[in-house]
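Here's the structure we're looking at; comments come further down.
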């Protein structure tokens, strides 16, 4: 069935105008953007197949080549889909610029979409103002976190350059288990001592993974 074969009152465009965007399913919203299917393939069915196969969250991370594996999704449509999610990511970043950190949840929300490859462990440092606003973040290491990879001098040199009042460490666990390892605790201890010496406080160390987080401060480990 083609879009034009659907009762006019039930077509996505008409329902959007009549009842608002909330009345449409994710597949219908995507179909509105992609607009047309290919020979023998209804664009709504194509979008339903795409979302049911990958899930909406996973869809945002698919490459152009992976998107094209779904029948009816060529290069142009794959680029449109990738562009949608890239805009969404940039909007999220823009809304979180100068975010005031009140707790670990704020750090978790800020880091969403900012870890380029979640199959690898990344360590970031967030530089904060006197009002606990995030000035900037920087990637410190990529790979398994060990004390030998961490150079406090470089981290705090960057903090001084940014005129940061305090810093927060953030790293991900690709396994999804956010409990800290002994190495995580060792790194935190080293950087806390360096921060105390330089009077640039290490406010927290937040581990993220599998839509969850662990805060050293919340667990009285700082």
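Cβ coordinates come from backbone N, Cα and C, glycine included.
Taking Cβ-Cβ distances under 8 Å and a sequence gap of 6 or more within the same chain, the neighbours of residue 173 (Zn(2+) binding site) are 121, 207, 208, 209. Residues or ranges marked as Zn(2+) binding site in Swiss-Prot: 171, 173, 184.
Positions annotated as domain 'MPN' by Swiss-Prot, on the basis of sequence analysis: 100-222. Residue counts for the domain 'MPN' (100-222) under DSSP, split into helix (H, G, I), strand (E, B) and coil, are 38 helix, 38 strand, 47 coil.
Look at Swiss-Prot and you will find 171-184 tagged as motif 'JAMM motif'. Per-residue pLDDT, averaged across the motif 'JAMM motif' (171-184), gives 92.
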Report task. Other than 171, 173, 184, which residues of the same chain sit close to Zn(2+)? List them in sequence order, counting a residue when its Cβ is within 8 Å of the Cβ centroid of the site. Result -> 121, 123, 145, 172, 178, 180, 181, 207, 209
Query - In the chain carrying residue 171 (Zn(2+) binding site), residues 6 or more apart in sequence that have Cβ under 8 angstroms from it - result: 121, 122, 123, 124, 145, 184, 205, 207, 208
Query raised in the report: Which number gives the other C-beta atoms within 10 angstroms of the C-beta of residue 184 (Zn(2+) binding site), all protein chains shown included?
Result: 22
